[in-house]
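Trainee: Structure below; questions to follow.
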């Protein structure tokens with residue numbers, strides 16, 4: 001089967017690497033050896049007349065392999081598990097004199113030792129985890145086989161042939177695209193590296209095509225549904241194309257560690273022309289604003305057809321599309337959100353916030369940032385490359401943040417290794433450890449060039465880590481899988497272990513008390529609704545017996561959800577006198593006009609309050625981000641919610657702002673109910689309502705969901721959703 005090439009590749013190999021699932025060359029239909037007698041005719045021997053793959057949705061091949069949801073008319077099976085095929089011959093098959101076998105081939109230059117050419121042996125009994133084919137039925141001219149792939153074979157689209165032996169060589173069936181077979185990872189197979197024991201987890205993390213992504217702020221958690229759509233038409237081919245575009249060697253595509261690492265690099269376009277171009281600057285010319293996407297399907301299909309990065313994405317878009325990629329190939333995966341996620345540029349486990357002597361933030365020196373939230377993925381797999389105990393959930397992150405081995409990618413990093421501080425284990429564990437464990441350090445940069453550590457906050461970063469609950473739309477707290485509780489002996493031990501393995505601490509914060517002052521300060525933001533005035537209420541409490549005067553400084557900034565400030569819209573300094581054992585509140589009113597003109601993608605306002613106790617020179621510092629409450633899109637349906645029946649979907653939006661919205665795009669999506677749709681409205685005037693009606697015909701029964709998003713020049717991150725229960729078509 002191996003095709004030899006006329007050229008030597010750099011003198012080291014006779015055959016170039018095989019890096020494309022789509023590329024193919026056909027093996028010869030007749031391979032004769034030695035002298036062939038005159039009058040030899042292949043027709044005189046056993047000949048294949050037809051091959052049946054039992055690939056309809058209701059056939060056991062698809063039902064038993066949990067692939068019946070894929071909108072794909074080819075056979076899709078999972079590795080390590082048997083499936084049935086039937087071969088029709090030109091005459092009855094006689095095992096005493098006839099010899100045939102099934103062959104699977106993938107890519108160019110197929111080689112048996114690379115797993116790209118698989119001659120399947122006929123066996124009397126199938127062996128667990130190994131390739132084999134067993135005759136289960138012989139009837140007239142037909143033979144039915146139970147075929148089983150190995151539990152570690154390449155994942156991709158194979159071409160299938162049947163080869164018959166004659167005394168003079170091999171006769172092989174010609175190329176037939178109808179017999180192409182997709183082989184996927186198998187979380188139901190104990191020998192597979194992605195085996196997941198819990199059936200409910202498999203249902204959620206492999207088979208659920210609709211998810212919930214959490215965003216917003218720790219004090220105001222928001223959620224939105226996302227259509228993963230891993231079973232939609234052409235999505236499986238798009239996911240295989242992503243690996244082709246990465247020039248990933250086919251022989252590595254059976255290894256979930258390699259597949260997920262390549263995926264984390266390819267879902268972003270930073271250095272490899274990958275799937276999504278990121279943009280965090282609020283300028284989305286010639287592209288779609290990240291908040292407008294309702295799911296992964298449009299993005300992956302556009303990438304496959306254009307072969308160019310799709311614009312634009314931010315962390316939850318990267319995570320949503322990466323989840324589709326992993327689930328589609330059969331790797332259990334879920335989207336995770338970390339609230340107050342550290343982007344620690346120098347990986348020193350500290351986020352250093354530098355202050356001027358007057359308490360203002362020094363933006364030139366402050367290079368680290370705290371993301372209000374950050375989304376990444378977890379993928380489930382064994383880790384034979386690590387010591388025992390570090391398999392299971394692995395962090396993989398496709399948002400381009402830091403370079404890893406020359407490319408923008410992250411993971412897989414063992415969640416268990418991160419929890420215990422074992423950051424020496426590949427891949428990128430120190431970066432993920434810092435995202436959830438860094439300390440917040442407030443440092444005064446004095447005019448003489450010295451730096452004085454003023455305050456230390458060890459609990460701000462990695463405040464809450466969540467994912468979608470199994471079987472529902474609620475939130476599941478998984479913080480304790482990443483870190484021990486603050487103050488526990490194990491938590492300090494994990495930190496010391498991480499530092500021993502090279503996660504360094506720079507500034508000496510030993511001996512810095514978390515708060516050494518009698519005076520305590522906190523603040524809250526009230527009535528944070530988009531387009532309305534709001535109040536910041538700062539509270540001071542004097543727990544001491546002395547009288548204190550405090551000079552306080554409030555800074556209000558329009559910020560990206562990454563914690564990076566765009567513009568300061570409010571600056572206020574005020575003096576407070578605190579009597580012994582007293583409590584005082586200060587209110588700062590902020591008019592809608594002060595922030596509306598400069599608002600960004602996610603309507604985040606970031607407030608920073610610093611206060612200096614004049615008598616003791618103690619510095620108190622607090623910061624908070626708030627996500628303004630935005631209006632919602634309303635979805636309604638009329639008509640029977642039945643597979644194959646028409647129903648009318650109405651999308652409705654009322655503009656609550658005092659300004660006209662221009663260039664308004666509304667998107668509608670619902671896997672199994674409608675293909676992704678969109679409609680443009682030139683403008684929506686203040687307090688006016690727009691309606692959009694579409695006729696939909698569901699093709700999947702069970703619990704489904706419709707999702708809508710609205711984006712305009714001045715208002716984004718507007719969503720709506722509606723739960724549906726689609727009934728099966730009544731049998732006649």
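Note that Cβ sites are derived from N, Cα and C of the backbone, with glycine treated the same way.
For reference, TrEMBL lists these features for the protein:
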{"type": "REGION", "residues": "1-34", "note": "region 'Disordered'"}
{"type": "DOMAIN", "residues": "307-400", "note": "domain 'Transglutaminase-like'"}
{"type": "ACT_SITE", "residues": "315", "note": "active site"}
{"type": "ACT_SITE", "residues": "374", "note": "active site"}
{"type": "ACT_SITE", "residues": "397", "note": "active site"}
{"type": "BINDING", "residues": "437, 439, 486, 491", "note": "Ca(2+) binding site"}
Trainee: Would you list the DSSP helix, strand and coil counts for the residues of the domain 'Transglutaminase-like' (307-400)?
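Mentor: Reading the DSSP string over the domain 'Transglutaminase-like' (307-400) gives 15 helix, 41 strand, 38 coil.
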Trainee: Checking your reading of the structure: which of the recorded positions 374, 397, 439, 491 lie inside a 10 Å Cα sphere centred on residue 315 (active site)?
Mentor: 374, 397
Trainee: Among all protein chains shown, how many Cβ atoms are found within 10 Å of the Cβ of residue 486 (Ca(2+) binding site), not counting that one?
Mentor: 11
Trainee: Other residues with Cβ within 8 Å of the Cβ centroid of 437, 439, 486, 491 at the Ca(2+) site?
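Mentor: Filtered neighbour residues, in order: 458, 459, 461, 462, 483, 492, 495.
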Trainee: Find the average pLDDT over the domain 'Transglutaminase-like' (307-400) in the predicted model and report it.
Mentor: 91
Trainee: Give the residue from the binding-site residues 439, 491 that has the most other Cβ atoms within 10 Å of its Cβ, counting over every protein chain displayed.
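Mentor: For the binding-site residues 439, 491, the Cβ with the most other Cβ atoms within 10 Å is 439.
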Trainee: Taking the Cβ of residue 374 (active site) as the centre, count every other Cβ atom within 10 Å, in any protein chain shown.
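Mentor: Other Cβ atoms found within 10 Å: 27.
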Trainee: Determine, to the nearest whole angstrom, how far the Cα atom of residue 437 (Ca(2+) binding site) is from the Cα atom of residue 374 (active site).
Mentor: 14
Trainee: Residue 397 (active site) to residue 374 (active site): how many Å between their Cα atoms?
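Mentor: So the Cα of residue 374 (active site) lies 10 Å away from that of residue 397 (active site).
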Trainee: So for residue 397 (active site), how many other CB atoms are inside 10 Å of its CB?
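Mentor: The Cβ of residue 397 (active site) has 31 Cβ neighbours within 10 Å.
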Trainee: Can you tell which of 315, 437 has the least company, meaning the fewest other C-beta atoms within 10 angstroms of its C-beta, among these recorded positions?
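Mentor: Sparsest of the recorded positions 315, 437 by Cβ contacts within 10 Å: 437.
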Trainee: Which one is it, among the binding-site residues 439, 486, 491, that lies nearest to residue 374 (active site) by Cα separation?
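Mentor: So, of the listed binding-site residues, the one sitting closest to residue 374 (active site) is 439.
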